[in-house]
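First comes the structure, then the notes that go with it.
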């Protein structure tokens, strides 16, 4: 019997001169092999394609067939690959390497694999592939969480990393920031370090306090922001560039870079709290990005379970001091997201994304804790004020064609909300600390006035202005309160000359307050005499509007700033009002309605413009309301709209046509668009050079 070949492929008793022949024979494919790749490596590509026997020639380089036919022999030793050869094994090997590297990086708590790419960060990266998470959670965590969310159960079963977004630890944030910093606006030579320090100073002075306790650190530097989050650093530079005259081209360049960052962040699995904070900052000040960025920031925050920070901070006893500090930061950021979401909802007339979870309902726990600061109280005051206003819209709806009934139940429901706003004002007016540069961000008075304007103006929603005289008499006092409150809002900004500087740094929501008040007054001035309001617009309304325009025009800011577009829009509307005939107060004639009351500023017991409170219906001792002094007691509880009921406080049958003049785009946002066409469908494009 012939002896089996040894490790070198030859037998012990085999003659020396027979080795080459046998080696050539076995190389033709007769030798058993464990893998397909090793068997293929013995034959050239031409022979494999035709499935013929491949034998090496006497020279030992090209096979005999290729030599005979004059073909190029493609063998493995030349590391060539046939174009028609299946490359699936290579892809599988690369996928295995990628998964293994992800596991190694995660085990070492290092940045994700996509952080090591050399492409510019502004270019959108491709969506993250599914990858298996071999570094599972600790056994005790899995055993304790016996009823996880359905998606967490799917992740635990499939171990697919791509289904889970992760919040970076402090160490990971620092390393990730260093990697991203190589491609930020400073590294790309878009912005010099000196310019960045100047813009950061502007942000800290004029804008930072509008974020309350969720703002950046007071001692933050350009270097620290660049390390913490490229999104945050770029957002701060973006909104601050609006304030500096002569920085218009820089603002547009930063804007283009920021859009690339946002595009990349949408498919990123790893985020930091500062990433979310940066999205909030851009949403608060950039009109074309506000709605989309507020939604994106909320989505990322909920995906990372930021709302769990409240429970961890106040109910878990086995956490360290650093963990509790991190949980408090998450709680403050969650409150800021709620403010951003509901301010955007009210301003745009769209439903909010965030509901009243336990952190919102249990705000007293943070308020009474030793960790609560004055900035926390300002933030909580804004949250609670928006809660009351949002509940009103839950009842009365956000539909622009929906009108409010004049029945007693509807009016009583409305009064309950105005009383809630009044109670909110009484509670917070004396608790908040006003500091220089911060007297407007936490202003209870301004929020109170705006809430009253929004609530009382609901009686005009959905009613064509040419048919405003058909408004029920029970709703006309509310219309008067809306007119008085709009005047009071404008007077609020004019009373102190320091407000002119503060307006430049105000977020978009506060700009919409001014816009809504001006638009409301200028469009109602020629018609409010039809419902018995005897305010002389030429003596009171027009002078206020002119002073507001002068104040906006005198602001020192970049040409792209919103205040200049607002001034132009107000001027346009004011010219239209002056061209039209405004009825004089002495010639006002009430509509021939026998039951119509006459409402003037004389019988308005406490004018809102003087800072007092309007006298609302009083709840008598027997539990009944005296509706506007009519002497008709009306009993009833707070009612809500329930589908299928007939005695609801709000009727769905009284839906009027949308008025083209007053309620075309909601909160006066037609003035915030350079072309005067509104922002309802143009949140994202940026065309600002001609502002």
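Quick reminder: no glycine exception, Cβ is built from N, Cα and C everywhere.
Per TrEMBL, the stretch carrying the note region 'Disordered' among 550-581, 582-613, 614-645 is 582-613. Here TrEMBL gives region 'Disordered' for one range in the set 54-86, 87-119, 120-152: that range is 120-152. TrEMBL lists transmembrane segment for one of the ranges 483-502, 503-522, 523-542, namely 503-522.
The average pLDDT for the domain 'Zn(2)-C6 fungal-type' (43-73) in the predicted structure is 78. Secondary structure of the domain 'Zn(2)-C6 fungal-type' (43-73), assigned with DSSP and counted as helix (H, G, I), strand (E, B) and coil, comes to 12 helix, 2 strand, 17 coil.
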